[in-house]
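Down below is the structure, laid out as structure tokens.
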Amino acid sequence: MGITGSLTPDQLDFFHSQGYLVIESFASEDEIRGLRKRMDELLNQFDCSVSSIFSTKNQKHTTDNYFFESAEKISFFFEEKAFGDDGKLKQPKQLSINKVGHALHELDPLYKDFTYSSKFSSLASSLGYRRPVVMQSMYIFKQPGIGGEVVPHQDNSFVYTDPQSCTGLWIALEDSTLVNGCLWAIPGSHKNGLVRRFIRGDNGITFDQPSPSYEQKDFVSIEMKAGSLIAIHGDLIHQSFENLSSKSRHAYSLHVVESDGCKWAKDNWIQRAKMPEPLYVLP
């Protein structure tokens, strides 16, 4: 099938030089409203007696079968600070979930329609993909008051192919600001290559190298209006701080890899019985 790329030469130049690109008004108000409404429905149906705690600081969830099995399911992960000393939720479950993942784009019809729409195919085509596959999808809440920090990282660490091919696509479903925990990145850091990998072995998952230290002065804040999308190169160093405000920061995030000539690593944390359906296939 023929796919027409949606990015201009200037946009592509910025992406390749800086390692990221913000596209405003990527999602319409109706699409945002629909995605958020559907997530409310999923949360209301969710049995919170079966779940896991998510943290990028403490990787204890990585030995959790619930986490492994989420690769091909719609699974719910609590914020670290959602529970009191008595082990009970300190607020309603709707305000306690860190994220929902990792197969929304396959298993929920509304999220699948949005993910497999022509706008994502056009974007992937502009970025040079021939047979792009969405390996994971996440709805991220960044809850008010307890939304956890996401430490500096590279997406290729977690979503690794040989050769490397990951691009993160992150859509703001609410305004993302300095107040509620917007993204930060080190422009051009993707040119330095991959620092470390997150590897699944017999004893769970660990990083193969310690985390480097980064100077906060090297990061720039990336504030975004609801409906905007940021494309993130797989080697770009990026992070977000805790959300200590009274406002949430909902987002829908995808990680795309090339399946034409790129091999999915057997020691990635995501190991699936079947690869997802590609967004499109070029001849």
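For all residues, glycine too, the Cβ spot is worked out from N, Cα and C.
Cross-referencing R130, R200, R249 with the 2-oxoglutarate binding residues that Swiss-Prot gives (K99, M138, H153, Q154, D155, W170, S240) picks out R249. Annotated Fe cation binding in Swiss-Prot involves H153, D155 plus, out of the candidates H102, H238, H250, the residue H238. Distance between Cα atoms for D155 (2-oxoglutarate binding site) and H238 (Fe cation binding site): 9 Å, as a whole number.
Look at S240 (2-oxoglutarate binding site): DSSP puts it in a strand. Summary: among the binding-site residues (Q154, S240), the fewest other C-beta atoms within 10 A of the C-beta are counted at S240. In sequence order, K99, V100, G101, H102, L104, Y252, S253, L254 constitute the residues six or more apart from M138 (2-oxoglutarate binding site) in its chain with CB-CB distances below 8 Å. Ranking the binding-site residues Q154, W170, R249 by the distance of their Cα atoms from the Cα of H238 (Fe cation binding site) places Q154 first. Under the three-state DSSP scheme, Q154 (2-oxoglutarate binding site) falls in the coil class.
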